[in-house]
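Asks: I am attaching a structure below and will ask some questions about it afterwards.
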Amino acid sequence: MLSLNLFASSNVTFSKSSHKYPINASLLDPNLVNRHKNPQFPSRPFEKPTSKINHGVLFRPSEEPLCQISKSRSDFGKILAPPFGFSSRFLSRAASGAPQEASPDGEIEVSKPNKNAKLALIFGLWYFQNIVFNIYNKKVLNIFPYPWLLASFQLFCGSVWMLILWSLKLQPCPKINKSFIVALLGPALFHTIGHISACVSFSKVAVSFTHVIKSAEPVFSVVFSSFLGDSYPLKVWLSILPIVFGCSLAAVTEVSFNFGGLSGAMISNVGFVLRNIYSKKSLQSFKEVDGLNLYGWISIISLLYLFPVAVFVEGSQWVAGYHKAIATIGNPSTLYLWVILSGVFYHLYNQSSYQALDDISPLTFSVGNTMKRVVVIIATVLVFRNPVRPLNALGSAIAILGTFLYSQATAKKPKVEAGEKKN
């Protein structure tokens with residue numbers, strides 16, 4: 001016999017034999033939880049195991065209950081991408097205070113205010129974490145100009161963070177095997193190249209200039225993908241023209257221009273584009289691994305790639321550079337704090353971006369990523385008071401606008417194809 005016990009202040013438990021499936025009662029509709037208090041809804045046992053409740057819980061003959069949310073999620077843990085790597089379904093509900101609504105099909109749907117609050121929280125965390133990382137990353141590099149060591153430490157922080165989440169079971173550890181590790185070797189290598197090149201660029205030029213050059217990433221994406229056989233409509237090619245023009249104008253008018261900084265940002269674009277392309281090709285059979293776990297393993301493998309090279313490239317300068325940095329800043333604990341903040345927030349903002357892509361459409365993500373660069377550029381210019389010439393600002397604005405147009409052009413392409421297939 002399948003039984004259902006409902007209590008307003010306790011968990012709802014579905015039981016058969018020795019199997020139990022606890023679901024927090026606060027996640028269900030309050031009308032369902034309090035139904036036993038309402039005289040017009042008398043409680044009575046279920047007569048058939050296939051009966052359906054219009055508040056989102058569907059009973060099947062099998063032993064496992066099926067809970068459906070918003071027609072695209074199969075568990076409560078993915079309602080909101082959590083900022084610290086584990087389930088935050090309670091955070092999603094508390095963000096808006098709005099109850100969940102039951103659809104006519106018997107599915108629990110997140111109300112519109114709740115969805116808007118969730119998106120605002122996701123983007124707010126993503127932007128805030130990115131700004132904090134860029135500020136403290138540049139602060140450290142200004143007095144300790146050794147980007148290879150700092151980049152290695154940032155990957156180390158992400159690796160330790162993920163190991164803690166997995167060991168404490170705050171994040172389910174994915175089942176890995178040899179084929180999964182082999183598939184990650186390529187994406188992790190290109191991620192390493194992209195990360196260290198960006199860090200080298202940050203050490204040589206203003207943060208705002210590096211981000212303007214990195215906004216040219218769509219240009220490399222279109223060119224490399226075309227070489228690999230992908231085709232793009234004319235509007236996509238036209239959208240990259242203002243990116244090229246804007247980046248060129250910003251580069252020639254940049255006060256802190258340095259060829260090493262420019263080349264580092266360009267190589268970073270190449271690395272991240274190849275990472276994305278290679279990931280699509282090598283990780284197709286591992287779609288069950290979520291974004292957080294995927295980025296966690298990429299961080300671990302990237303650390304193994306980068307640190308030995310970092311020791312070879314600049315290891316002999318670290319001790320002298322450390323003493324010089326301490327003499328400059330005066331307080332060693334301040335330097336330690338800046339380094340830790342740069343490492344922690346580097347992982348957090350990348351983690352948030354991976355998780356945001358699980359909760360929003362690619363178009364929303366692309367637009368959000370474009371606006372993120374604008375916010376970071378403005379924030380770092382205000383913090384570091386970098387001089388900005390009018391033509392430099394104009395070039396930056398044109399490049400950002402081109403990135404926005406590119407996101408619009410590429411986001412509409414799959415929709416058209418989907419419509420054609422439907423017809």
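Placement of Cβ uses the backbone N, Cα and C atoms for every residue, glycine included.
As the structure is a computational prediction, the values presented were derived from the model and not from experiment.
Below, the features straight out of TrEMBL:
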DOMAIN    118-407  domain 'Sugar phosphate transporter'
TRANSMEM  119-136  transmembrane segment
TRANSMEM  148-168  transmembrane segment
TRANSMEM  180-203  transmembrane segment
TRANSMEM  234-252  transmembrane segment
TRANSMEM  259-278  transmembrane segment
TRANSMEM  294-313  transmembrane segment
TRANSMEM  325-348  transmembrane segment
TRANSMEM  360-384  transmembrane segment
TRANSMEM  391-409  transmembrane segment
Asks: I'm a bit unsure how to read this: which one of 148-168, 234-252, 259-278, 325-348, 391-409 has the highest number of Cβ pairs shorter than 8 Å with the transmembrane segment (119-136)?
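Replies: Looking only at 148-168, 234-252, 259-278, 325-348, 391-409, the most contacts with the transmembrane segment (119-136) come from 325-348.
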Asks: Test of understanding: applying the rule of at least three C-beta pairs under 8 Å (pairs 6 or more apart in sequence), is the transmembrane segment (391-409) touching the transmembrane segment (259-278)?
Replies: no
Asks: If we call contact 3 or more Cβ pairs under 8 Å (sequence gap 6 or more), are the transmembrane segment (294-313) and the transmembrane segment (180-203) touching?
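Replies: These two segments touch.
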Asks: If you count every Cβ pair below 8 Å, which range out of 148-168, 180-203, 234-252, 391-409 shares the most with the transmembrane segment (325-348)?
Replies: 148-168
Asks: Which whole number is the mean pLDDT over the domain 'Sugar phosphate transporter' (118-407)?
Replies: 89
Asks: Considering only the recorded stretches 148-168, 180-203, 234-252, state which has the highest number of Cβ pairs under 8 Å to the transmembrane segment (391-409).
Replies: 234-252
